[in-house]
Amino acid sequence: MPAADVPANIGLLAGPQLFGHLFNYGLFGILTVQVYHYHLLFPRDPTRLKVLIYSLYIIECLQVAMASHDADKVLGAGWGNTEELYRAHWLWITSPVFTGIVSTTVQCYFSWRIYMLSGSAPLSVLICLISLLQGCAALASGVTAHLMDTTIDLQLKTMPSHIVWMVGSTTCDIVITVCMVYYLSRGRQGMASDALISRLMRLTVETGALTASIACLDLVFFTTFRHNNLHMTPALVLTKVYTNTLLMLVNNRARMRQMMMEQDEGTISIPLQWTVDPSAIDTPTLDTHPPPRSASPAVISWHVHDSGVSVGEHHELDVMNVSKEV
């Protein structure tokens with residue numbers, strides 16, 4: 001390509017896409033390991049949770065494949081062709097559409113967890129509505145990008161829907177994080193289970209801050225730098241961040257099981273109770289029934305399988321989905 005045809009800001013057009021794809025591949029590798037660990041550690045999880053996890057992973061596989069197609073068109077086979085550089089290709093589905101679907105699914109899942117934690121249906125419905133709003137805005141951005149089929153003036157055309165998408169996503173993540181931390185903190189009563197609750201709170205804050213920060217970064221780049229592709233780096237990885245966040249919290253049950261077994265070999269009463277599943281090991285079952293939800297919203301009940309294949313929560317502090325009721 002003649003030098004005269006090279007855009008002056010070629011580095012800001014192609015560079016962010018390159019880094020976005022590299023980070024996307026790295027996060028996909030981490031996600032694959034997490035899904036493999038989930039498959040090994042929790043074969044007794046409810047079917048609905050397995051369907052959720054594996055469906056999200058299939059979507060991520062499709063996203064990586066389609067994003068790789070775009071990477072080849074822009075940075076590989078189409079390198080030097082300005083038309084390929086400015087075309088939207090499959091970006092409309094790999095970023096806004098898939099991210100909207102994944103983020104809405106993950107956020108609605110956590111809204112249900114918050115309902116199990118608090119018993120507050122209005123709060124859970126509010127979170128779902130915010131999540132659905134940002135998901136619809138993401139789909140609108142994707143449809144607009146598909147109809148334009150070019151990144152020239154794409155930011156100007158999709159600015160309203162993109163702002164609603166990112167602001168809604170950030171708001172929903174913050175609300176989820178605050179609610180989870182609040183209801184978890186109510187269970188801290190100066191007992192042995194406080195270490196577990198503190199770990200859940202810390203992990204919730206870290207993952208919530210990560211998703212909200214990347215969404216904010218995308219919004220700032222998209223609204224501030226309108227004539228380059230800086231926003232594409234966070235946009236390409238946002239879907240993987242949401243899925244990895246969910247898997248991290250689900251797989252964290254294995255670490256919490258280890259912490260519980262290190263603390264005590266028997267039953268810890270309120271706020272932590274655990275039940276040994278007799279179908280897993282030949283030992284007596286320790287089963288302490290928690291009080292009604294209205295009495296204590298911070299009770300934890302665990303099904304611990306000593307064979308190391310499944311741990312579940314049951315009752316009020318049901319932060320991650322669990323094995324079937326005993």
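Any Cβ shown, glycine's included, is placed from N, Cα and C.
TrEMBL entries are annotated by machine, without manual review.
Within its own chain, the transmembrane segment (22-39) has Cβ neighbours under 8 Å at 53-54, 57, 60, 63-64, 67, 233, 236-237, 240-241, 243-244, 247-248, 250-251, 254, counting only residues six or more beyond its boundaries. Per TrEMBL, the feature transmembrane segment maps to 22-39 (among others).
Marked as transmembrane segment by TrEMBL: 51-69 (among others).
Per TrEMBL, transmembrane segment is recorded for 89-110 (among others).
Here TrEMBL flags 122-143 (among others) as transmembrane segment.
Positions annotated as transmembrane segment by TrEMBL: 163-184 (among others). Counting residues 6+ beyond its ends, the transmembrane segment (163-184) has Cβ neighbours under 8 Å at 96, 100, 103, 107, 110-111, 113-114, 117-118, 123, 126-127, 130-131, 133-134, 137-138, 140-141, 197, 200-201, 204-205, 207-209, 211-212, 215-216, 218-219, 222-223, 297-298, 317, 319 in the same chain.
Sequence annotations record features per position, and here TrEMBL assigns domain 'DUF6534' to 169-254.
Sequence-distant contacts of the transmembrane segment (205-225) (same chain, six or more residues past either end, CB-CB distance under 8 Å): 12, 103, 155, 159, 162-163, 166-167, 169-170, 173-174, 176-177, 180-181, 231, 233-235, 237-238, 241-242, 245, 248-249. Summarising the annotation, TrEMBL assigns transmembrane segment to 205-225 (among others).
Residues or ranges marked as transmembrane segment by TrEMBL: 231-250 (among others). Under 8 Å from some Cβ of the transmembrane segment (231-250) lie the Cβ atoms of residues 16-17, 19-21, 23-24, 27-28, 30-31, 34-35, 38, 42, 49, 53, 56-57, 59-60, 63, 67, 91, 94-96, 98-99, 102-103, 106, 109, 155, 203-204, 207, 210-211, 214-215, 217-218, 221-222, 225, 319-321, all in the same chain and six or more residues away from its ends.
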For the domain 'DUF6534' (169-254), the mean pLDDT of the predicted model: 88
